[in-house]
Each structure stands twice: as C-alpha cells, then as structure tokens.
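Have a look at the structure below before the remarks.
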Amino acid sequence: MQGSQSENSFTYNLREPFLILRIKERLENGQGLVSGVNKYSTAFGRIWLSVVFIFRLLVLLVAAEKVWGDEQKDFDCNTREPGCHNVCYDHFFPVSHSRLWALQLIFVTCPSLMVVLHVAYRDDRERKHQLKYGEGCPHLYQDTSKKRGGLWWTYLFSLIFKMAVDAVFIFLVFYIYEANFYPLLVRCNVPPCPQVTDCYIGRPTEKRIFTIFLVVVSLVCILLTLCEIMYLICKRCRECVVEHKINKPECQVTTISTLASKHNQENLQEKSLLDQGNGHPSAEDSSAPAYSLAFS
C-alpha cells in the first residue's frame, strides 16, 4: 500500500511541471485573445471578460485536472456484475462536467471574435480604399472600431448569442444531472445490473462546490451581458435623440425661409393683378422706351 502511494506521488510530481507549463501556455493564449477583444468592448464587456478569464478559465484549467480527472475511476458500485459499473456511470453522468464547461467556454468566447473580424474587415476595406483613390481621399469610416452601422449590429448579436449560450448550458446542467449536484450516494437499476445498485462518487463535496460556483458565475455573466445590451440600446437611442434635436432647428430655418419666399412671390403676383385691374401700368409698362427721348 505504501509502495503504491509513493509511486502515485512520484508520478504526480513528474506530471506537475508539465501541467504547469500547459496551463501557462493556455493562459498566454487566453490573455492574447482577451487583450484583442478588450479594445472594442464597453465597460460592462471588460468586466465580463475579466470574470470569464479569472473565474471560469482559470478555475477550469486549475480545477478540472484535479477535481474531475479521476471521475470514472473513483465511481465505485457495490456489485461486480460485468458492465454494471460503466452503465451506471453513463446513466448518471452522460457528459463530463469538465468537458461541458470547456465546451461552454468555447461557445461563449467565439462571438467576441466576430467583432474583431468585423473591425479587421473594416480596416482592410479602408486600406484598399486609400490605395485606390490616394491618401487625400475621404475616409470610408471616421473610426473603424466605432460601433456604428453594421458593427453595432454585430456587437449586439454577439451579446445576445453569448447570453443565450450561457442560459442553454445552465439549463443543460439542470436537465442532464436533474439538479443532483454530486450526491453522496446514487442508486442505479439500469440493465445489466441484476438489482438496485448503490454507487458512490469520489470527492462529491468538492465537485458539488465547483459545479455550483461555475453555475453562479454563468448567471453573473448573463446579468453583465444583459446590462451591456441595455447600455448599448439606451446609448444609441440617446444619440438618435441628440442628432434629431440638432437637425431640427436647421429644418425649421429652411422651412421658414421657404415659406417667406413663397409668401413674397404670392404678394407680388396679387399686386401685379390689382395694378392690371385698375388700369395702372405695371413697372415695366410705365418705363418710357429708349427712342422717346429723341422726341422730347
């Protein structure tokens, strides 16, 4: 027994440096991704990225290897019936928690790349426009990273997609595991088990705590995303109101000048008609011809 424990500890000590290096590489890649997306995010978006990077990515990388690494090996049942152990484990845990959270993290972070790609498309289009028409030509965009037009809709769609992904994965956790977050004892009566079999999960309390923690973090991310959506919509509505107020006086001045000129034309026409009706010559008729000066 002591020999096996020392062997396991020696194996773990050999694996630990490689595990640390792998976590470091993943963190560097994640940090590059976060810094790229962070440039085009709002204040709520930056908070969301920090929560995802610290409370989801780090927890998943650090805890998944140790907490869920021995998930099936430590799933013990009080029967030796061939196949009963595997069938019971598959019945209660059809999808590994660590893989489910990793898949959720991938789907949640992918929409942010849509914004980065859209900005890169704008930059490339602006560069080609400058090469075609010269440096002095008007720019297509005042700021390629400013959320206007299609980029605003892309950013809004990415937020809605992220919120929907988090909501779907939370629903899947409760649906697949039936809200039983790693109980101490599970009873299995699935064939080929001959009777009701008692099975025990390895380190259920630790796994339950991490599962509840990740669910709570997902709810926090949904709340932050919802706040960012409301912030974007309210900000856009306020900008539209300000633009309308700025353009409204110009329209009023134009309308007043148009009405005034039209009114003056109508007055001139009425005066001309009255002069003709009273027998008074108009200004053009009253002026003497040029040759009349010779007879005066």
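If you go along the chain as it appears here, the first residue is 1 and each next one adds 1.
Cβ coordinates are placed from backbone N, Cα and C, and glycine is handled just like the others.
Note: TrEMBL annotation is automatic and uncurated.
What TrEMBL says about this protein:
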TRANSMEM  47-64  transmembrane segment
DOMAIN    66-99  domain 'Connexin N-terminal'
TRANSMEM  101-121  transmembrane segment
TRANSMEM  152-177  transmembrane segment
DOMAIN    165-232  domain 'Connexin cysteine-rich'
TRANSMEM  209-234  transmembrane segment
REGION    273-296  region 'Disordered'
**Message:** I'm a bit unsure how to read this: which one of 101-121, 152-177, 209-234 has the highest number of Cβ pairs shorter than 8 Å with the transmembrane segment (47-64)?
**Reply:** 209-234
**Request:** Determine which residues of the chain contact the transmembrane segment (101-121) at the Cβ level, with the cut-off under 8 Å and only residues 6 or more beyond its ends counted.
**Result:** 33, 36-37, 40-41, 49, 52, 56-57, 60, 64, 144-145, 150-151, 154-155, 157-159, 161-162, 165-166, 169, 214, 218, 221
**Asked** Would you list the DSSP helix, strand and coil counts for the residues of the domain 'Connexin N-terminal' (66-99)?
**Response** 14 helix, 2 strand, 18 coil
